[in-house]
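Asks: Supplied in structure tokens, the structure appears directly below.
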Amino acid sequence: MATVSLPCTAVLIDLDGTLVDCAPDIVEAANRMLADLGSPALPFGTVAGFIGRGVPNLVRRVLETAQLAPRVDATDAVAMFHRHYADTNGRLGSVFPGVEAGLAALRRQGYRLACVTNKPRALAVPLLALTGLSQYLEVLVAGDSIAQMKPDPEPLRHACNLLDVDAAQGVLVGDSAVDVAAARAAGIPVCLVRYGYAGPGGPAALGADALVDSLEALPALLTPARLAPAA
């Protein structure tokens, strides 16, 4: 995959597992929720494996795994999780190595940068500010910015629209099957980082167009897209 060239104007980047290792924050919040419900904590890897499809899905799977569903109301549990996550958000996790250098290089080369995440805006905004990553990003499309979330392609199209870039000139950078599915549905290339929350089999098994060990390696894979001449 080292010889892959991905033409693009906009680089759309996932948050959890791609820019920031949020798993410690999320797992701690989930286990605090379970403690409130009188249930033992789940293993770190179990909860981390539920990351990527939004908070309601994560909470539902945590409740099922802890054998608390359906007697615990999922809506109440989501509110409980959010309360704890507001406290842990950005406190235990960290920016992955190479992320800031990679984003800075992409900006210098003129690429338009957006973060497209399934994390709610109320959590994504403070996390990006706390980590200092918001300075590199022009646009944030969060899990509640529009009606759809990844793997639906609409968040990717919405990000490109906000950047005033043709959606066909985007490339998605992520870490999971959710990102691959969203990019395929949007008809754009997808590059996965080798770290993150890909799950069993790792990112190599997910059929991405490219893999990188770090965002520092991403600029070498990209080539500026050329607009077709006007008719």
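Here the Cβ of each residue, glycine as well, is placed from N, Cα and C on the backbone.
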Asks: Quick check: of D175, D209, D213, which does Swiss-Prot put in the same Mg(2+) site as D14, D16?
Replies: D175
Asks: So for D175 (Mg(2+) binding site), how many other CB atoms are inside 10 Å of its CB?
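Replies: D175 (Mg(2+) binding site) is surrounded by 27 other Cβ atoms within 10 Å.
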Asks: With every protein chain in view, how many other Cβ atoms are within 10 Å of the Cβ of D14 (active site, nucleophile)?
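Replies: So the number of other Cβ atoms within 10 Å of D14 (active site, nucleophile) is 28.
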Asks: Near D16 (Mg(2+) binding site), how many other Cβ atoms are within 10 Å of its Cβ?
Replies: 26
Asks: Helix, strand or coil by DSSP: which one applies to D16 (Mg(2+) binding site)?
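Replies: Its secondary structure by DSSP: strand.
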Asks: Which of the three DSSP states, helix, strand or coil, fits D175 (Mg(2+) binding site)?
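Replies: It is coil.
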